[in-house]
Amino acid sequence: MAEISRIQYEMEYTEGISQRMRVPEKLKVAPPNADLEQGFQEGVPNASVIMQVPERIVVAGNNEDVSFSRPADLDLIQSTPFKSLALKTPPRVLTLSERPLDFLDLERPPTTPQNEEIRAVGRVKRERSMSENAVRQNGQLVRNDSLYGISNIDTTTEGTSDDLTVVDAASLRRQIIKLNRRLQLLEEENKERAKREMVMYSITVAFWLLNSWLWFRR
């Protein structure tokens, strides 16, 4: 939406400029230190210039007049004949036996007798395989009915095995989460036990130090 609104704004902006912008007919030059409104009202002699847009701009040196000749580029463009390109109509049907896919290669190697023999052998193999496939398709139509029931059994067994694997993965994930929670609880209990042992150890040491100090004072 932002892109569409920006494009619409640009189109409206350019259209407004092209409609409202006009080239002035005259440019009036006011003398220095003069009031502009008074100058425009009274008019300054020989201070107005008629504004005209030139068709072309020609640069000439040493105050020499240059005849406005025809541009050489335009003559060159009109003199050069346009060459017509002959395009060959493509065939309606493309077959692999008549046209192999080797023409798609950008850099085609030079044709040699060995390459021609290899292509001929490949073409014969393709035709033979196509005929064998046609024969096999007729035989497979009879077997499809018997194989359909077996395939259904296989799909059901595969579906049940997939469901079992999903259930096993979910149960394993739950067990791993429970084990992680138990490990966290054990670590917290060990930390609290270490703190309690440190407090008890410090209390016992302070008690023995106090008793020894009292005994030495006696």
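In case you wondered, yes, glycine gets a Cβ from its N, Cα and C as well.
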Matching range for Swiss-Prot feature annotation, coiled coil, among 103-134, 135-166, 167-198: 167-198
Of Thr89, Ser129, Ser131 (the modified residues), the residue whose Cβ has the fewest other Cβ atoms within 10 Å: Thr89
Nearest of the modified residues (Thr89, Ser129, Ser131) to Ser171 (phosphoserine) - Cα to Cα: Ser129
The coiled coil (167-198) [mean pLDDT, rounded to integer]: 88
